[in-house]
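Student: The transmembrane segment annotation in TrEMBL covers 21-40, 68-88, 109-130, 136-157, 169-193, 205-223, 230-250, 270-292, 312-337, 357-377.
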Amino acid sequence: MGICSADSCICHSCVGPNRMVARYVYGVIFLLTSVVAWMVRDYSHRALDSLHYLSGCEGEFDCLGSEGVLRVSLGCFLFFFIMYLTTVRTSRTDDPRDAWHSGWWPVKSLLWVFLMVIPFFIPSSFIQIYGEIARFGAGLFLIIQLISILNFVYWWNESWLSDKNIRRCRVPIVSVSAFSIVTSIAVMVLMYIWFAPRPSCSLNIFFITWTLILIIIMTIISLKPEVNAGLLTSGLMGLYLVFLCWSAIMSEPISETCNTRHRQTGKGDWLTIVSFLIAFGAIVMSTFSTGIDSKAFSFKTVEEESEDKVPYGYGFFHFVFAMGAMYFAMLFVGWNLHQTTQEWSIDVGWASTWVKIVNEWLAAALYIWTMVGPFILKDRDFSSH
């Protein structure tokens, strides 16, 4: 029983881990690629400068690291986009593409290495074009992530309010809602103290005040009897808006004097390194958690359950990782293709600040739309979020 033929052993090595483990393997691949991108940006200037065809990087030595990030990002994007094209619409476990997604790791490892190397032989002009495209891809990733977060908030609320859980979840609902609201208020008070210490800090005052106004509007609408979205959803979304506002102001350049808190300086001090590692981990986790949430983007109201159905959408999973490759590139270069970034820094600069602020406003607008949309478009079915 322990003996297998050569063919069966080869097939077993190709199939590799099961379908659920496979997604973690892809997460590790994405993590390794992100580490490579960071090392290329911060520690490979001399190596890149020795490649004569990279010397024309906008005529600046310091931009080689940022362009190197784009090259690594391009390789990662191509890997996951190829996986997307070869697994999209896979719905059954007996589909040959299921084995391709869940196994064939030696082949895919070689493909990943090949795609990591090839972009470094592509002319800089093409890499700059990819960088412009990556801005849109990263923006699409943020939208997908936002929809996934909103879907999770509604799922959490509906799960606790279901007939099965309502009796035992009353106290947790009140507790989490109260915690979200109190935390949001406390953090906003701290933001006024730390980020707007003077009346001249008008931009930060505007960011914080507008966030407060949006939270008040969302809460009022959610408590309307006709809407009845509840304090849990508005509390969690308010907390998310406060986080985005905080993150946006913390992304302001170091030259901005209104921010009195310690920020990423590029000096490699312990606080900068810890902040970098937390942000780095957040990139990978946000990409992974969004990638497995294909149900949030399913337009089918009823899905048939069967034993041979794949556990998650392979195509959507790889598409999110492909967009995530563009997203981490924008974070490492601060959404500015010609910006020289400091070591141990992520998502710093005015471009990063405004991207987060717009993302915050979009989150509020989308949440409000999910509440008022059924009354504006009465003929549409909004019964499931």
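Using the three backbone atoms N, Cα and C, a Cβ is placed for every residue, glycine included.
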Student: Can you work out which residues elsewhere in the same chain, 6+ from the ends of the transmembrane segment (21-40), have a Cβ less than 8 Å from its Cβ atoms?
Tutor: 48, 65, 68-69, 71-73, 75-76, 79-80, 83, 101-103, 105, 112, 116, 280, 283-284, 287-288, 291-292, 312, 317-318, 321, 324-325, 328-329, 332
Student: Determine which residues of the chain contact the transmembrane segment (357-377) at the Cβ level, with the cut-off under 8 Å and only residues 6 or more beyond its ends counted.
Tutor: 142-143, 146-147, 149-150, 154, 207, 210-211, 214, 217-218, 221-222, 226-227, 229, 233-234, 237, 240-241, 244-245, 248, 385
Student: Do the transmembrane segment (230-250) and the transmembrane segment (109-130) share at least 3 Cβ pairs closer than 8 Å, excluding pairs fewer than 6 residues apart in sequence?
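Tutor: No, these stretches are not in contact.
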Student: Should the transmembrane segment (312-337) and the transmembrane segment (169-193) be scored as in contact, given a threshold of at least 3 Cβ pairs under 8 Å and pairs 6 or more apart?
Tutor: no
Student: If contact means at least 3 Cβ pairs within less than 8 Å, sequence distance 6 or more, would you call the transmembrane segment (169-193) and the transmembrane segment (68-88) in contact?
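Tutor: In this chain the transmembrane segment (169-193) does not contact the transmembrane segment (68-88) - fewer than 3 Cβ pairs sit under 8 Å.
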Student: Within the same chain, where does the transmembrane segment (205-223) have neighbours whose Cβ lies under 8 angstroms from its own Cβ atoms, ignoring anything closer than 6 residues to its ends? I mean 6 or more beyond.
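Tutor: Answer is 184, 188, 191-192, 195-196, 199, 229-231, 233-235, 237-238, 241-242, 245, 248-249, 357, 360-361, 364, 367-368, 371-372.
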